[in-house]
Amino acid sequence: MATDIDMLIDLGLDLSDSDLDEDPPEPAESRRDDLESDSSGECSSSDEDMEDPHGEDGPEPILDAARPAVRPSRPEDPGVPSTQTPRPTERQGPNDPQPAPHSVWSRLGARRPSCSPEQHGGKVARLQPPPTKAQPARGGRRGRRRGRGRGGPGAADGLSDPRRRAPRTNRNPGDRPGAGWTDGPGAPHGEAWRGSEQPDPPGGPRTRGVRQAPPPLMTLAIAPPPADPRAPAPERKAPAADTIDATTRLVLRSISERAAVDRISESFGRSAQVMPDPFGGQPFPAANSPWAPVLAGQGGPFDAETRRVSWETLVAHGPSLYRTFAGNPRAASTAKAMRDCVLRQENFIEALASADETLAWCKMCIHHNLPLRPQDPIIGTTAAVLDNLATRLRPFLQCYLKARGLCGLDELCSRRRLADIKDIASFVFVILARLANRVERGVAEIDYATLGVGVGEKMHFYLPGACMAGLIEILDTHRQECSSRVCELTASHIVAPPYVHGKYFYCNSLF
């Protein structure tokens, strides 16, 4: 028996006299339940695998003494009493003496294990009491098993109020739950477990019946505090005052010091000397050209009737003028600048004639399959024709296009869609806007589709003079249909613009 005692002491088991008492054998069903409840992957090789294969002789009592006790019934099941399964009877040899009622175990006290609980992950670690609880009374393995199981301390209170039951996740050094369920005395429902939840260790197995802890506070989305409506608004810097600076004011006032009748007269004289020779001695070559009268400079006003040509004449002699523009780029650049200035100062009838001139020139080029060149003086000044017509017809077209259910003038010129063409007015502005856009973009050559002409087609839908005749017609028609007196006056003044009323005074303090 001395040998058995030494072996038990060396194993580090804290056994009392009650562990060696003779108890009835443990049922197999209770043992299986106990093994399932402790199946966390942690087992002690020092006490569960020491079965002696030689029968009843030898250290057989060590196996029975170290065998895990049966987990008691769960106290949370109502109506099921907490019973203890009797321990199996210790088997003894025929020559072994009976243990005394008061043996040496009751006087030795607790034996300090040879290794720390942290280093021992087996049954030694599981037998340690929770660090937050007081040391239980020495009552053998049954008392400690009762404290570890679900029927431990606090089970009676848990039966009285199951709603106040809260899981305890205090870990023992062996990474086992210290207690199954416990109650927080006086704590409200659900508050006991919220303050004691601990997450499972990284990489370790998740224990059944233990709730996961909520994520840390730093990972939660925290809304900013609401702004106090009574708090003063942040100060904003006042924008800089929009004024004329002092230097510019001095420059404006200094004009009076330089302005004089003599200087104004000298300015008119110098300008008149430049205009008779705009090409600077390098005009278009006009020898033996049918276009010689218009290629050279002219001192008098332009008379459209003296420059009238038929469509057949334009078709016959148009290519020679086209080649003149293409073969003299410097003269063509000068002619383009001069034409732009002239077109922006034309009256309404002259502006309509310029629109017809541009479209008829494009039709002639298409007729002879000539490229539409943006450097051409006629095609390159389309924007001037468009701007002048839009300025003169804008007051009238606001009423006319709205009455016809068409797009506004600005929208027609910005969209530049062939599908928006519904009459002669929309045709003129859309086609001129498309040509001006291509010239502004600086394309090398304008395709015929810009004017709505398909492949292999001619510009048969346009007849020279349609711009002037068509726009004068709609002015007269709408003036009779519209009941607005303002619209009638506007349309009449566009067609026949003699001065009747409008200017009130002329003020000049300088000369």
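One-based numbering along the chain as shown.
The backbone N, Cα and C atoms fix where each Cβ goes, and this holds for glycine too.
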Segment assigned the feature motif 'Nuclear localization signal' in Swiss-Prot (from 52-80, 110-138, 168-196): 110-138
Residue among Cys399, Cys407, Cys413, Cys507 sharing the Zn(2+) site, where Swiss-Prot lists His478, Cys482, Cys487 as binders: Cys399
Which range of 5-17, 343-355, 356-368 is motif 'Nuclear export signal', per Swiss-Prot: 5-17
Correct range for region 'Interaction with host ALYREF' (source Swiss-Prot, candidates 104-112, 248-256, 257-265, 311-319): 104-112
Structural state census, the zinc finger (399-487) (DSSP three-state): 56 helix, 1 strand, 32 coil
Neighbours of Cys399, His478, Cys482, Cys487 excl. site residues, C-beta within 8 Å of centre, Zn(2+): Phe396, Tyr400, Ala403, Arg479, Glu481, Ser484, Glu488, Thr490, Ala491
For Cys487 (Zn(2+) binding site), the number of other Cβ atoms found within 10 Å of its own Cβ: 19
Lowest local Cβ density (other Cβ within 10 Å) among binding-site residues: Cys399, His478: Cys399
Chain-internal residues near Cys482 (Zn(2+) binding site), provided their CB is under 8 angstroms and they sit 6+ positions away: Cys399, Ala403, Glu488
